[in-house]
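Here the structure is laid out as structure tokens; the discussion comes afterwards.
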Amino acid sequence: MEKKKGMQVLSVNILYLVVALMLLTVGAFVQYKDVKIGLIITEYILVLLPVILFLKIKGESIKKVLRLKPLRAKHGFLIVLITIFSYPVALFFNLIAMTIMSTFGKLEQLPIPVADNFRDYIILMLIISVSAGICEETFFRGLMMRSYERLGKVNAIVLSAVLFGVFHFNLQNLLGPIVLGLIFGYLVYQTDSLYAGVIGHMANNGFAVTLGYGMMQLQKVLGNTVDASAQAMPNTIQLMMATLVIGFVAVLGGTAAFLLLRIIIRDTKEVEYREKLEEILLDEPIEDLPQKGNVSILSFIPVFITLIIFVSLGYMQIQRLS
């Protein structure tokens, strides 16, 4: 029984490596040809489809494994607010990484499309917010976090969050996604519903797309001079100042997010999201679950390979800065 569970972790980790390689090759190619269509192909064909096929081949219940359980409308609304208030927290950690990287040279613009008009804004909301929210949460807070549960709840949340950050394959955008992954992972566990992560992910990406669209419209109003200056990446001093300011906002936003999270925690204690205590993890009795450390370190070889690729690409990214 334990060997089978260990193999399940290995299988999921192999899938992670395969999807990562497809992202860096096929995904990069199709996005180079056409960013929007490429992103759609990446999300639905390279990220979501492998998860569905994997579960079908394994004979697993998609609904059970992915926690496709109803989420209260009240909690959905609270999750949107929690995510928006947490946005400066994630941004703060990204700014720390960017500040450190800026000491090596001039930073590169992140390859994120920005809406130039309202039509593009709607399209990007559907692609970056809706599609990414559904597909990436299904992969990370659905399949991967469920697989890592045998390592313990905290480890499952942390590992899936770290691998989510690594999956972006960009040092400038590593820490922010990890922070968000921790938040989404906790929300999914607390509500026992994948929809909590999906809504949070959609809210975060949608907020980012909206900010980008708003800034673009503001630049049009203020003129080309501001637009040109806005396109220039900030230097180390500017980043340090921005980090301090955003850090202050992050404290306020994080506090507000925590207070809202307490409402969900209180509600989920009063209302039984889980049908019975013995089915908290994998719908199995707690005593039958393997203890921490029962999964062989060899099961994580695919993850180590992915990390080596990430470090190599990160080194190349730093080299390009100088």
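Numbers run from 1 along the shown chain.
Cβ coordinates come from backbone N, Cα and C, glycine included.
Annotated in TrEMBL:
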type     : residues : note
TRANSMEM : 12-31    : transmembrane segment
TRANSMEM : 37-55    : transmembrane segment
TRANSMEM : 76-101   : transmembrane segment
TRANSMEM : 121-144  : transmembrane segment
DOMAIN   : 121-206  : domain 'CAAX prenyl protease 2/Lysostaphin resistance protein A-like'
TRANSMEM : 156-189  : transmembrane segment
TRANSMEM : 195-216  : transmembrane segment
TRANSMEM : 237-265  : transmembrane segment
TRANSMEM : 297-316  : transmembrane segment
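Remark: the transmembrane segment (76-101) makes no contact with the transmembrane segment (297-316), by the rule of 3 or more CB pairs under 8 A. The transmembrane segment (12-31) is not in contact with the transmembrane segment (195-216), judged by fewer than 3 CB-CB distances under 8 Å for residue pairs 6 or more apart in sequence. Taking every recorded stretch in 37-55, 156-189, 195-216, 297-316 and counting its Cβ pairs under 8 Å to the transmembrane segment (237-265), the highest total belongs to 156-189. Within the same chain, residues 68-71, 75-76, 79-80, 82-84, 86-87, 90, 112, 114-116, 120-121, 124-125, 128-130, 132-134, 136-138, 140-142, 180, 183-185, 187-188, 230 sit at least 6 positions outside the transmembrane segment (195-216) and bring their C-beta atoms closer than 8 Å to a C-beta of that stretch.
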